[in-house]
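*Asks:* Straight from TrEMBL, here's the annotation block:
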- 1-42: region 'Disordered' (REGION)
- 29-42: compositional bias 'Polar residues' (COMPBIAS)
- 44-161: domain 'MTTase N-terminal' (DOMAIN)
- 53, 90, 124: [4Fe-4S] cluster 1 binding site (BINDING)
- 184-418: domain 'Radical SAM core' (DOMAIN)
- 198, 202, 205: [4Fe-4S] cluster 2 binding site (BINDING)
- 420-483: domain 'TRAM' (DOMAIN)
């Protein structure tokens, strides 16, 4: 592999001495984290409610990191005891704005007991609505978009100094990542955002308008963040982006651009990282090199979320997805040839304008042909400002809901078949935390993203262990830890 110039400066920029990206990156990231660790002074409390995708979950973590470092806040699950309340919003689904204002109304009364309370709205609804949020809810103190969350401390300070609400929904591209403090995690898994925005402009989607065009983080910066997480004990990273496999990151000290497959190859070689996932991908960006990476990189799990949205070519064309059903199935065939046993999840929109019963049946056929494991499925909802909003939506809501139920039932049947087939097998599981079902037990995930609950000691959290699957349920599996002796007998 090519040598890379990697050195974290206090601002987070990558520059400086030429080193290889593994042990040295680990040491560099550790020292920078110590230099910028929070003071811990004060016990102001922060409550964040997150809506939507994993990108929003990542952004919420970064909001907490920024305010923890700047103001020493601690997280709370109770808005009643919070000094800062933030809503990180999503505008993908219908009536997203109304849900935000409903939640804001529920916390408005807290000002009476806490005059200094800060209430903020971030995320994609904030980006869409901007100052309209303050006009409708004048008790909101700060409004910020996905690209300006790093400015939260200054927005709050300006609010206090001026007595006026602050709104910043600009698109400063990659500046956010340069200004963020090093990640702090408490478990063996972590998200790493590698790019922002989307340039695909599907006819139904608001993301290009709320998060901007695609902008990739510098290649070296991503590696430093992953190495820093590995140094903190993270075993599994999920690389995030609206179209994550469209990543094209500049490499420090060169004129070269790294594509997503190259990034995966380098992340794969960082010591301590044992599993790699990524989401959300786009079929048009599934290159030959990326498909081959699924066969060549053992740490890249045999599970992929690959949104297709529909199984009718007419509907796909109206959605401006840029591929046909045949092309999608060809990608799936090549992926499974590279990585036998790979399971797939997907996204589906039911009842898109103009969808006929025949179109819907083609989607059902695609689901059967591919054998999707899970899905995120929704009925179409008109999003103002998108091209599809001008299309005639003449499918009755009752019919949309009926189709959605049929689709989800088929997906559930296929998922049950996959889960049942896992009974009696031994799976490699990353132990993540105590089980929600029984705090006396442990919970982890298989490579194909199944939750497994089993009896075990808390000291196992963060470790990779072998678990024999004994039962399958609708949303999880049950298993038992396999000892070395029993595993040897099983393989004999």
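Glycine is no exception: its Cβ is also placed from the backbone N, Cα and C atoms.
Remember, TrEMBL labels are computer predictions, not curated facts.
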*Asks:* If you measure from the Cα of residue 90 ([4Fe-4S] cluster 1 binding site), which of the binding-site residues 198, 202, 205 is the nearest?
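*Replies:* Comparing Cα positions, the closest of these binding-site residues turns out to be 205.
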*Asks:* Residues with Cβ closer than 8 Å to the Cβ of residue 198 ([4Fe-4S] cluster 2 binding site), same chain and 6+ apart in sequence?
*Replies:* 205, 207, 208, 211, 213, 214, 242, 243
*Asks:* For the [4Fe-4S] cluster 1 site (53, 90, 124), what does the 8 A shell look like? I mean other same-chain residues with CB within 8 A of the CB centroid.
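*Replies:* Neighbours found: 51, 52, 55, 56, 89, 91, 92, 123, 207, 210.
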*Asks:* Count the Cβ atoms, other than its own, that fall within 10 Å of the Cβ of residue 202 ([4Fe-4S] cluster 2 binding site), considering every protein chain shown.
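*Replies:* Cβ-Cβ neighbours of residue 202 ([4Fe-4S] cluster 2 binding site) within 10 Å number 21.
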*Asks:* Using Cβ atoms only, which residues of the same chain lie under 8 Å from residue 124 ([4Fe-4S] cluster 1 binding site) while being at least 6 residues apart in sequence?
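*Replies:* The list for residue 124 ([4Fe-4S] cluster 1 binding site) reads 52, 56, 89, 90, 91, 92, 96, 145, 146, 206, 207, 210, 211, given in order along the sequence.
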*Asks:* Within 8 Å of the Cβ centroid of the [4Fe-4S] cluster 2 site residues 198, 202, 205, which other residues of the same chain have their Cβ?
*Replies:* 200, 201, 204, 206, 207, 208, 242
*Asks:* Roughly how many Å separate the Cα of residue 53 ([4Fe-4S] cluster 1 binding site) from that of residue 202 ([4Fe-4S] cluster 2 binding site), to the nearest whole number?
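*Replies:* Computed Cα spacing between residue 53 ([4Fe-4S] cluster 1 binding site) and residue 202 ([4Fe-4S] cluster 2 binding site) is 17 Å.
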*Asks:* How many other Cβ atoms are found within 10 Å of the Cβ atom of residue 90 ([4Fe-4S] cluster 1 binding site), counting all protein chains shown?
*Replies:* 20
*Asks:* 53, 205: which of these binding-site residues has the sparsest Cβ neighbourhood within 10 Å?
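*Replies:* Checked 53, 205; of these binding-site residues, fewest Cβ neighbours within 10 Å: 53.
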*Asks:* Take the domain 'MTTase N-terminal' (44-161) and count its residues per DSSP category (helix H/G/I, strand E/B, coil), listing them in that order.
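*Replies:* Looking at the domain 'MTTase N-terminal' (44-161) with DSSP, the answer is 67 helix, 22 strand, 29 coil.
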